[in-house]
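TrEMBL lists 1-15 with the feature signal peptide. The domain 'Ig-like' annotation in TrEMBL covers 10-97, 103-183, 196-285, 295-379.
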Amino acid sequence: YILWSLLFPPSFADGLTLLAPSPVFEGDRIVLTCEEKNNRKKQISFYKDGKKFSSSNELSSFPIQSALLSDSGIYFCTAASKIFLKRETSSEKVKITVQELFPRPVLTASSYQPTEGSPVTLTCQTQLPPERSHVQLRFCFFRNRRVLGSGWSSSPELRIPALGTEDSGSYWCQAETVSHRIRKQSLRSQIRVRIPVSKVSLETQAPGGQVMEGGKLVLLCSVAEGTGNITFSWHREATGTRLAKKTQGSLSAELEIPAVKESDGGKYLCRADNGHGAVQSQVLNILVRIPVSRPVLTLRAPRAQAEVGDVVELHCEALRGSPPILYQFYLEDVTLGNSSAPSGGGASFNLSLTAEHSGNYSCEADNGLGAQRSEALLLPISGPDGYRKSHVTAKVLGGLFGVLGSTSVALLLCYCWSHKAPVCLGCYNNSKKYGLGGLIFSQIWRLVSPWSGCNKAGFTRSPLLLADRQLVGSCHLLCANMTA
């Protein structure tokens, strides 16, 4: 056979022709026909790109039911006779190009970031060639593998009337011929339904919006809903001044003032915007609480030397401090009374003097942020039962102790026991003992404060004043009314 092929090669002059349609599009039905003039019985074979793909003794044609792009190539056919020795003839080669019926569709949306509740229109775009403009196409839309609408439709558009947050996702479409022969799918497109910010609120970690001067203030601006990047801004209501601005992909943001000043008190608000209009919070009032400063105590008496029976006004005032302020008044460490200043400023306390009211006065201011105590003021009292009487008594008792010695101590104890008066047994100044018993009265000491009561051992302690009215020490007193 090889020798025969060399001696008698395939002939193209025997009238063998390959018939093929043109042009050819995807989905077309193609019939390849191998036609011979003498129409003798022969074995017909078909080739594509040099490779035989069909051979028949009966049929001279080969159908391709639905052409694909991959069916493009170089075709020819051969015919082999069955008389004596087998001799094969071949047709001329024919190039067949299968053209695209329509390109891959492109999905477009009227908005890829629509607002919640707004409509959107999806379009599946493709185009038929003029030679196949009569071909009918239909379309279908999908979201996250779910068919949208009523499924396949002849319309390349789909309108969604109102989008919700659940409508965010991956969208695509398909286009196909009515005969189902050709179907193509678009690339996927992401549609994110944006939710406008809502329910903007401004809060602070400080309870009741109150923060201490010098403390840290954190203003938290938050939204209940909102998608995408949100721009937060903080403002003073009175001036409209913007204090800060932050853009971030979260539902809240913080503004921190590390050290609050008195001037930072007032009304604040915040705004949030994610591109669909700014929304404003309600006003938040920040109260900067100021601890009280050390108060100043003023004694207002009707005369230069207070006397028994006078009414003295004790006025206490802290120059700084948030109201309300509670003032306490003291004689030594004994509370005399209190007075409140609901709106700030000072407060007064009136005292009708008796002989026992001689001593050191002070006051205390407290607004709940820490108490402050004033300096002590000495108020000596003169009169029938005041300083002069005490002075004379001190001289008499001092003389008695100087003359009688220890015997006088016993007598004095008996006297004081019957008259319920205290007896000075030992005097001190900065922990230094000056004397025992009544010997100290030779230096003319007197008791400054009233007898304040006995301890378990039957003793009490009271300040002492020299004749020149200088407080120099304290005295241990034996209580005349002790029971043991």
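Cβ atoms here come from the backbone N, Cα and C positions, even for glycine.
When the domain 'Ig-like' (295-379) is classified with DSSP, helix, strand and coil residues number 3 helix, 48 strand, 34 coil.
In terms of DSSP helix, strand and coil, the domain 'Ig-like' (103-183) has 6 helix, 35 strand, 40 coil. Residue counts for the domain 'Ig-like' (196-285) under DSSP, helix first, then strand, then coil, are 6 helix, 47 strand, 37 coil.
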